Amino acid sequence: MSKPIRVRYAPSPTGLLHIGNARTALFNYLYARRHGGTFIIRIEDTDRKRHVEDGERSQLENLKWLGMDWDESPETHENYRQSERLALYQQYIDQLLAEGKAYKSYVTEEELAAERERQEAAGETPRYINEFIGMSADEKAKYIAEREAAGIVPTVRLAVNESGIYKWTDMVKGDIEFEGGNIGGDWVIQKKDGYPTYNFAVVVDDHDMQISHVIRGDDHIANTPKQLMVYEALGWEAPEFGHMTLIINSETGKKLSKRDTNTLQFIEDYRKKGYMPEAVFNFIALLGWNPGGEEEIFSREQLIALFDENRLSKSPAAFDQKKMDWMSNEYLKHADFETVYALCKPFLEEAGRLTEKAEKLVELYKPQLKSADEIIPLTDLFFSDFPELTEAEKEVMAGETVSTVLQAFKAKLEAMSDEDFKPENIFPQIKAVQKETGIKGKNLFMPIRIAVSGEMHGPELPNTIYLLGRDKSIEHIKNML
């Protein structure tokens, strides 16, 4: 009988939720929901130097914003933060010490650095050399007594089986194998401050919480043999491991870096700019996984139903900001008006543009939006000075029929009554200019659009003219003549 599926996302509260960590959480979430398993949030907060105030709250809030829920977490369960589990770690440290599978190490940082320097100078791969090698029992006891008398606080190191082979069948990458002799020697499982190291604590946590599958980024592959050593030393069965490929920048082909200014990499950024969470969820789900076929827009429920861990990609996932923005635009275009207006409203309010025309403006530009904050630059025309024309726009306005078109259309607007000035009545006036002048197509529409809005492209022209107002539209046309 197979074990119940229990997976976890275990962030460190050391900053904002990065797109890579969000993907780890999302794939674990999809896997659990697809197979009727349990999705657990555990906080790995033992790195006190990097601890960020409010880091945990920020992580959880952004996961909730994306649309994820979980079954167990620090919000509902005790001891789901590593800092609350120190007694448990100590119990297993003491067990390994008593069994001779671990030992206290008194070597100092200065001695380690000097040895590393010597090894590098000799062209050797840096590794820890057991400080007790060649010592008799009496010499060892004397060494320890002298070190303790000098106030040196020991670490605890796991005794590595140098001839051991540590292998697993990875859910993504297939068979992977490491030799114990290539790990770097006996490694620290408890630091001088009494806190466990990551590779020790995570094993105790995963065993204690009965985690069945560990799905994470492939930057953790090198951690896995160390974790398998701890499972072996404690006599526990290891979970299955799956290591997702790196996320790379689609433009540079290199690993996604926080210095890549052409990408939005933190979930907080998407929230602040007014993206729909459903769009971000959909986009992240396709970073390193796809269900097959050409379709790319999926609801959360569809993604859960389609998720198949066997389709996790073995190739790096390309993060393409343009693709993200295309997908976001698809979601905003097809969302109901109330949803989009609610996203745009805070931006309009902050800019002092929450006027009686606000709803009409959102409706006008809804098909163009990639994020709600774009409503401000898109509506500048209605609240700011006429924009400076680009060279391409100036070239259009230098056309020989432009003056004829603008004079004729200005006359049509001037002849319209206030009662008749509505979007549905403006388009017939443009067609009337076409009939009178014989000018049509781009030579007709483009000069009017540029004269009124200062742009070659935009929403429906009659709607733009209506919301701008007759007087302002006429004023803009006059300025072009």
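All positions are counted from 1 along the displayed chain.
Note: Cβ is positioned from N, Cα and C throughout, glycine not excepted.
Residues near Lys258 (ATP binding site) in space but far in sequence (CB under 8 A, at least 6 apart, same chain), listed by position: His18, Gln265. According to Swiss-Prot, the feature ATP binding site maps to Lys258, an assignment based on sequence analysis.
With DSSP states grouped into helix (H, G, I), strand (E, B) and coil, the motif ''HIGH' region' (11-21) comes out at 3 helix, 1 strand, 7 coil. Here Swiss-Prot flags 11-21 as motif ''HIGH' region'.
Residues 18-20, 246-249, 265, 319 of the same chain sit 6 or more residues outside the motif ''KMSKS' region' (255-259) yet have a Cβ under 8 Å from a Cβ within it. Positions annotated as motif ''KMSKS' region' by Swiss-Prot, on the basis of sequence analysis: 255-259.
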Checklist outcome for this item: The average per-residue pLDDT within the motif ''KMSKS' region' (255-259) comes out at 79
